[in-house]
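Pulled from TrEMBL, these are the features on record:
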ACT_SITE  GLU68  active site, proton acceptor
DOMAIN    41-220  domain '3-deoxy-D-manno-octulosonic-acid transferase N-terminal'
SITE      GLU138  site 'Transition state stabilizer'
SITE      LYS218  site 'Transition state stabilizer'
Amino acid sequence: MAATKGKILYKVYRALSYGLSPLLYLHLRWRVLRGLEHPLRWPERLGRPSHARPPGPLLWFHAVSLGESLATIPIIKQCILRRPDLNILMTTTTYSAFQVVKNCLPTGVIYQFAPLDTAAAIDTFIAHWKPKVIILMESELWPNLILGASQHGITMALLNARMSATSFKHWSIPVFIPLISLMLSKFSLILPLSNLQAIRFQLLQAPPPIISFAGDLKFAVEDIGMSVAEIKKVEDLRAQLAQRQVWMASSIHRGEEEVILEVHKMLLEAHPNIVTIIVPRHPMHGKEIALEMQKEGQNVALRSQGENITSGTNVYVVDTLGELRYLYGITSIAVVGGSFLPGLAGHNISEAAAAGCAVLTGPYIAHFSSMVAKMQQFNPMSVLQLIQVHGKLDLAEALRNLLGDDKVLEAHRLAAKHAQQALACGIIVGTWNSLHSNVLRSAFGVDDVHKCR
């Protein structure tokens, strides 16, 4: 009965996606005009390929944005190493992810933008690429994609699986349970991020045998190779900051800059030589922050304009993409944003920890609460989570303590780095073993050509 209801709901969803296709097309063109989609490759979002399909079996990896994409790359490299007989297709949804990922995918991996979840786009995409296996990252649960792929006999896995509290609440509405249950039944493997995530998937009737654990792939994100020019830019910035105290606020969302800038002003009273680096989540937001600070009479340098940090510069705004991992290497303190306002859900803290930063975060970290908890269990000093940010005083006080005592700062930096290294160990191999044993071996019928080590 539940399966029948799920199929009926899917037919309704599929019909609606057909009916709404003209509006979605107009929305897509509007996004192109706003610079949110690739100006030339946007037809890929309609399932139209820009690359010929190579002969032979094909494995499709899909992630939404930059963080998930970078977490996918180590598994793609394992696949190339252990299954060289397979063609690899990588898709992402966001234009910002494309701008970085296209330069760090291994040679031979085909890149396309992911199709919208309309019946026509998905059908066109699958008809061209004919993947044997689809590996989805985190929370990509789209009915046309999953059930359309299942109808073509495509095997599916969900890695780093997570479902936000809001999504879980929506899917738990009785009328939607049959549809999500039907969708989850089509997976051969689900690797959730935590026990809580596993419980959520089970409550939504994912078959228990397909749920396993391997760890959070975002702990094991690799360094992206830098060009000589990029290395010089980072080293030039390091030299400009050599005689200054520095802290960085990364992945800042709109509205959070108010918290950061007020804390910056508080710190200036005791540390007049300090430089605050602000890395907004979206580069366009950086120009707005710089303009706001300049109106207040502050000396602000903007990275996209090639502006240098002078003796009078106290705020440096990084309105570029793809440099965050390297910028962590030039600061001793990283405040990870997306966590200071209600409705936000945090960002990856492991990159900052891997670079040896003392890591701080705000109270709203729903998507990364498991990562924070695991690091704090390893060493309570590895992450400073500010449970409340009353008038920004908590954050300012925490930063004063770190900036005012080199021994305390070094202890937090070492704790973060050691926790990240310990938790990253074995995640890639564990994920690969689960993926190969439960998905690839049966789908492709050829065993692993290398032994795991």
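Placement of Cβ uses the backbone N, Cα and C atoms for every residue, glycine included.
What you see is a predicted model, and the numbers here were worked out from it, not measured in a lab.
Listed in sequence order, the residues of the same chain lying 6 or more apart from GLU138 (site 'Transition state stabilizer') and placing their CB within less than 8 Å of its CB are ALA63, VAL64, GLU68, LEU158, LEU159, ASN160, ALA161, ARG162. Non-local contacts of LYS218 (site 'Transition state stabilizer') by the CB criterion (under 8 A, 6+ apart in sequence, same chain) comprise GLY67, LEU70, ALA71, ASN160, ASN348, SER350, MET371. Note on the residue listed as 'active site, proton acceptor': other Cβ atoms within 10 Å of its Cβ, all shown chains, come to 25.
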